[in-house]
Structures are given as C-alpha cells and as structure tokens.
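> If you look up TrEMBL, you'll see 15-37, 49-68, 88-110, 130-148, 195-215, 227-249, 261-279 marked as transmembrane segment. Feature annotation from TrEMBL assigns domain 'G-protein coupled receptors family 1 profile' to 31-277.
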Amino acid sequence: EFILLGLSDTRDLQVLFFTFFFLAYALVLLGNLLIIVTVRSDPKLSSPMYFLLCNLSFIDICCTSVTSPRMLVDLLFQRKAIAFEDCIAQLFFLHFVGASEMFLLTVMAYDRYTAICKPLHYAAIMNRQVCWVLVSACWAGGFLHSIVQTLLTIQLPFCGPNTIDNYFCDVPPVIRLACTDIYVIEWLMVSNSGLISLVCFLVLVTSYTFILVTVRVRFTEGHWKALSTCASHAMVVTLFFVPCIFIYFRPFSTFPSDKHICVIYTVLSPVLNPLIYTLRNNEVKASMRKLWKRCR
C-alpha cells in the first residue's frame, strides 16, 4: 500500500480543506449536471457547440470524481492509506479522463474556429455525425494515453518508501518511489503526457489566433458573440493546460511535489467550467430559466 500525505497534516487546515473541497465537489456535480440536463431538454441547444459542451460537463464530473471523493474521505482520517491496486486504478482513470478532456477542448476550439472563420461551410463540416466521431476519438485517444502511462508504471518494482507527497496517485510522485533507475521511463512518460499537453495547447493558441484575426476584419454582431464564447473557452483552457504543462513537461525526479498546483486542474477548473459557460452564455441561461419554470 501507499500512504498519501495529503495537502496538510494540520487538523484545523484539514477541516478547512474538507469544507472547501466538499462545496467545490458539490458545485461540480450540480453545475455540470444542470448543463447536461439543460442542453438535453432544449431543442434550441442542438448545435455542435452545445453537444461538445455537454460532453465536457460529463468529463468534468468524471475527472473530479476520480480524486475528490477519496480526498474528502482522507481528510477525515489521520492515516491516509491506499492499496497499490486502487492507486494504479486512480492513476489510470485520472489520465484517461484528463487526456480525453484535453482532446475535447481542442475539438471545441476547432468548432469555434470553423464557426467564425468558415461560417458558410460550418453546417457541412460540423454535423452531428462528425461530432460523434470527434468525441469518440477524444475518448479513444485518452484511453491510449492512459494505458501507456499505466503499463509503464505497474512494471516498476516498489520495495522501499511508500509515502506519496500528494492527495491522489499520479505518475510523478508514484514513480519516484520505484526501486530502480527510472531515467528512461521518466522521459517516456514526459514525452507522452508532456507532449500531449503542449501540442494540444499550441493547437488551441493557433486556432484562437486565427479567430482573433478573423474577428478583427469582420465586425459583425455574430462574430463578436462567437468571440465572447471563445473568451470563456480560453479561460478554461488556460486554467487546465498551463498547470498540466508545468507538471508533466519536465523530469519528475528532479523537482519537488506540486500537489497545490494539482488543485487547479483537478478541482478549480471543473468548478469554473459550468460557471463560465452559463454566466457568459445568454442562450444557456434562457434555457435554464425555461427548465426551472417547467419544474415548478
């Protein structure tokens, strides 16, 4: 088994963290479920953008559910032990849904690029069948990424220290405990996780650059509306990708634990997603008001 050190060993801080993360987890579940129900119940929200948003909300629920429930339980107990099998399972599912979200955010940026830069061809390019293919490819890519990370981890020998300086099992803190030279494994994992994060982020930045250039030329209400949606998307992307690049695109063994930075993409980003996409989107807010009136 492994022992998770968590975010703090001070009891008062643990109570404070439990309250904060419990509220954050509740907001993630309620906010993203509300988005899914709203999009599914309103025929007006049938465009590819809302289809992808619905999938993003589902992935956010999965992503935070991999780490938050276990963290909340551990904050109530002094000894935070996790079995080796449970640790590997957590590592697998975290990278599975995390990589799937990276690919999905990239697809959402492509959707906005097509809508703004190629509006006349948008309906033909981003039809429902294409959306299903792209979302399926995101999940498949996430699975392939995660299975590689997991296979590289489970073949390592663990016979010494078993203390993980984090609140969940992730590749960097786990492979530091291996009783062997991890230089080659470490660089294979960096080239996997780090490059995926960096390449997806660069694709996103490139798409936003094309969008900004297009909007600068075409001053129409529709383009400014689409640009507002992209601004929200860019905020989510920054919160999610920058910490991931910082953590995974460097040698794991030469840097200390970054468990406080992990909070940004495992907790804060899933909390902000429903807030950003609802408070800045009049169509979603109008659909939620209609849904509320029907439920009363």
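Each Cβ is built from the backbone N, Cα and C atoms, and glycine gets one as well.
Nobody curates TrEMBL annotations by hand; they come from automatic prediction.
Show me how these features fit into the structure around them.
The average per-residue pLDDT of the prediction over the domain 'G-protein coupled receptors family 1 profile' (31-277) is 85, rounded to a whole number.
Counting residues 6+ beyond its ends, the transmembrane segment (49-68) has Cβ neighbours under 8 Å at 21, 24-25, 28-29, 31-33, 35-36, 39-40, 90, 93-94, 97-98, 100-101, 104-105, 107-108, 111-112, 115, 128, 131, 135, 138, 167-168, 229, 266-267, 269-270, 273-274, 277, 284 in the same chain.
Long-range contacts of the transmembrane segment (88-110) within the same chain: residues 49, 52-53, 55-56, 59-60, 62-63, 66-67, 70, 82, 134-135, 137-139, 141-143, 145-147, 149-150, 153-154, 168-171, 174, 193, 196-197, 200, 203-204, 207-208, 230, 233, 236-237, 240-241, 244, 265-266, each at least 6 residues beyond the stretch ends and with a Cβ under 8 Å from a Cβ of the stretch.
Sequence-remote contacts of a segment are chain residues at least 6 beyond its ends whose Cβ falls under 8 Å from one of its Cβ atoms, and for the transmembrane segment (195-215) they are 99, 102-103, 105-106, 109-110, 112-113, 116-117, 145, 223-224, 226-227, 230, 234, 237, 241-242, 244-245, 248-249.
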